[in-house]
Amino acid sequence: MMRASYLFTSESVSEGHPDKVCDRISDEIVDLFYREGPKAGIDPWQIRAACETLATTNKVVIAGETRGPSSVTNEHIEHVVREAIKDIGYEQEGFHWKTCDIEILLHPQSADIAQGVDALQPGEVKEEGAGDQGIMFGYACNETPDLMPAPIFYAHKILRMIAEARHSGVEKVLGPDSKSQVTVRYENGKPVGVREIVVSHQHLIPDMTSAQVRERVEPYVREALPKDWITKDTIWHINPTGKFYIGGPDGDTGLTGRKIIVDTYGGAAPHGGGAFSGKDPTKVDRSAAYAARYLAKNIVAAGLADRCTLQLAYAIGVARPLSIYIDTHGTGKVSEDKLEKAAAEVMNLTPRGIRSHLDLNRPIYARTAAYGHFGRTPDNEGGFSWEKTDLAEAFKRAV
């Protein structure tokens, strides 16, 4: 049985965190292939990308496997990378969008992998299989309007609000690199307040003190959190090391796929281990995790549970999921068996079915690279389609 009263902590990192810079670059390259493919007459279903990025002092290295239009040259990729770094805001001596060295090591996808992933020609019976084996989890709960756990939801919100102020020019002395951490107090299983707040934020004036940084960031923290959650007993940790002038890849080397808990549920739910960024949606690490969130969110949105964890499992080259598992943590209005059966009925959970249902063969991935892949608002370009609750009624009928 779940404890009634406890503390739970989640962290977030900003778009300027070194690992997130790499996630953004990797996803920009995925988007580039999806933008340029149709222009070259290539079917979006045939696009493939698995792109890893390393960023360090004045150096970016990109490696991986791709399949797409020959019009995507290294010069094209380099331009996209520099624009991404510029948009994040890096114009520092140790990492500048104009002058950093960019090395590109992309090559075609393995034929051995392709033969198990690609569908055959029209009229043949084999359906495309999963791009790899693995387990993926989705989760939803009714703690926030977006059906996300409160700690990660508010950790993201704090940094997103500060980033918006920085981009608008209001906070010119703050740099791109930052981290947040929120310890939420639960009573009777519900979030009711914040015990501890951590914000470490890069500053562009070398001798800024922690107190001066707090003057800048505290208003955004207070605006991000529910009004009565911060009290006189709330403990603040703002730039607790005292100085955060050297930031981004100049301060710490970044890699794609290193912030998988930040990307998902902040530790409030299991994680299958696979990262998202840099991967086209034939990689079920990404697409099936999106589908699992979509199904879990719709179960909660339908009022069939207050909390829902959903697991999917796949084998490389095999289309159907090997298993579907649902746990409603004692909050379900119907049995988990019925929900598992309903999940298989309301959505085609083959890799192709997921890509089709969620319309994933499009350039929608760079926007997911920071502030979480879940708990976001679906946009007009098709981004965050897995956050829709349009299956809620179908679930109600199916159970």
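A Cβ is built for glycine as well, from the same backbone N, Cα and C atoms used for every other residue.
Under 8 Å, Cβ to Cβ, and six or more positions away along its own chain, Lys259 (ATP binding site) finds Val13, His17, Asp19, Lys20, Asp23. Taken from Swiss-Prot, the feature ATP binding site applies to His17, Asp177, Ser178, Lys179, Lys243, Phe244, Asp252, Arg258, Lys259, Ala275, Lys279.
Per Swiss-Prot, Mg(2+) binding site is recorded for Asp19, and the stated evidence type is sequence analysis. Packing around Asp19 (Mg(2+) binding site) is summarised by its Cβ count: 24 other Cβ atoms lie within 10 angstroms of its Cβ, all protein chains included. Mapped onto three states, the DSSP output places Asp19 (Mg(2+) binding site) in helix.
The K(+) binding site annotation in Swiss-Prot covers Glu52. Of all Cβ atoms in the protein chains displayed, 21 besides its own lie within 10 Å of the Cβ of Glu52 (K(+) binding site).
Annotation source Swiss-Prot lists L-methionine binding site at Glu65, Gln109, Asp252, Lys283. Summarising the environment of Lys283 (L-methionine binding site), the number of other Cβ atoms within 10 Å of its Cβ, over all protein chains shown, is 23. Under the DSSP three-state reduction, Lys283 (L-methionine binding site) is assigned to coil, being neither helix nor strand.
Residues or ranges marked as region 'Flexible loop' by Swiss-Prot: 109-119.
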Nearest of the binding-site residues (Gln109, Lys279, Lys283) to Glu52 (K(+) binding site) - Cα to Cα: Lys279
Which same-chain residues, if any, lie at least 6 apart from Asp252 (ATP binding site) yet have Cβ under 8 Å of it: Pro18
Rounded mean pLDDT for the residues that make up the region 'Flexible loop' (109-119): 63
Binding-site residues (Lys243, Lys279), the one with most neighbouring Cβ atoms at 10 Å: Lys279
Euclidean distance between Cα atoms of Lys243 (ATP binding site) and Lys283 (L-methionine binding site), Å: 40
Euclidean distance between Cα atoms of Glu65 (L-methionine binding site) and Lys243 (ATP binding site), Å: 40
